[in-house]
Amino acid sequence: MWFIGWPLGLLLSAISSVFGITGKLLLKLAHNERDKEEAAATQRELRKSHGSLPSPTISSGKSNLGCTYFYCGLFSMLVMNPALGALAYCFATQSLLAPMAGLTIGWNTLFGPILLPHERLTTNDFVGAVLIFTGCVLVGVSGTHESPPLPVEELPARFQSFSFVLYCIVLLALLSFLIHHAKHALHFTTTSRRAGVESSPVSSPEQLPVIARVSLSVFAGVMSGQLFFLAAVMRTLHDDGASRIWSFPLTYVCIVGAVGTALLGLYLLNEALAVEDAVVVIYLYEASYIMSGAISGLCFFRDMNHLSAWHYTLPAAGY
């Protein structure tokens, strides 16, 4: 059946993106609930210090709603999203699937105002969502629909190829820039905001430099976008079967890389949501996720080498 191929991969990727955006919004809801609890606790302390009775509108107990949002978001992002996303790589190439993460922007436009009504979307947000959806369609039409066989014996050659080595050099330079600027936001989230330690130079997320908050969101997306680890495992598993690939050490390197980059990206995303609105974070995260995922896939797998120039032009316009 024609559907059991790249169309099924795209469908699985689209469903995966629904769980992905749901998890991100739930994490933001968890942060909002924690902020409400901290504000309520501060008001109770002020009332006690002034000797006044506590207001009946201020709850004295700790709500479990924030924890529920947090763990539901983790389940959505750590179980459902990667499971469906990994399965999609058995049917389509990374360069075709990575841009499908742009659908998350569309889901964010639909679900964001419902789950986070205080974060309003502007006309530019809706226009951007339409453009991104159009880009996903262009990539789906013009991207490579063939998945060339990838025997596990070829993995070392892919890691040593000129295009991939060049990609790694550029990636290290970019990460150095992002880490340098994101360190202020990370310092804030890991000290004063969580542990109550007054060692951060700022007392609220709004006082952080814009470039610090932007760099943290982009950093999260770039780390999550290193999809070639996961794609390499799934394609070799699909082509060679589970009986052969476990005798090659590079298989375990790819598994550790896939899990490590995914967890680090999720951690950084959670930190970014603590210092910036979800609307801004998700746009920056998904844009950097798409770009790093698509470019790393092209450099590692070289799936589009056999295609004509127009196949590169339309995906570039879609990105």
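The chain as shown is numbered from 1 upward.
Any Cβ shown, glycine's included, is placed from N, Cα and C.
Bear in mind that the values here come from a model prediction, so they are computed numbers and not experimental data.
For reference, TrEMBL has these:
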- 38-48: compositional bias 'Basic and acidic residues' (COMPBIAS)
- 38-58: region 'Disordered' (REGION)
- 68-89: transmembrane segment (TRANSMEM)
- 96-114: transmembrane segment (TRANSMEM)
- 126-143: transmembrane segment (TRANSMEM)
- 164-182: transmembrane segment (TRANSMEM)
- 210-233: transmembrane segment (TRANSMEM)
- 245-268: transmembrane segment (TRANSMEM)
- 280-301: transmembrane segment (TRANSMEM)
**Request:** Give me the stretch from 164-182, 245-268, 280-301 with the greatest number of Cβ pairs under 8 Å to the transmembrane segment (96-114).
**Result:** 280-301
**Request:** Taking helix as H, G and I and strand as E and B in DSSP, count the residues of the compositional bias 'Basic and acidic residues' (38-48) in helix, strand and coil.
**Result:** 11 helix, 0 strand, 0 coil
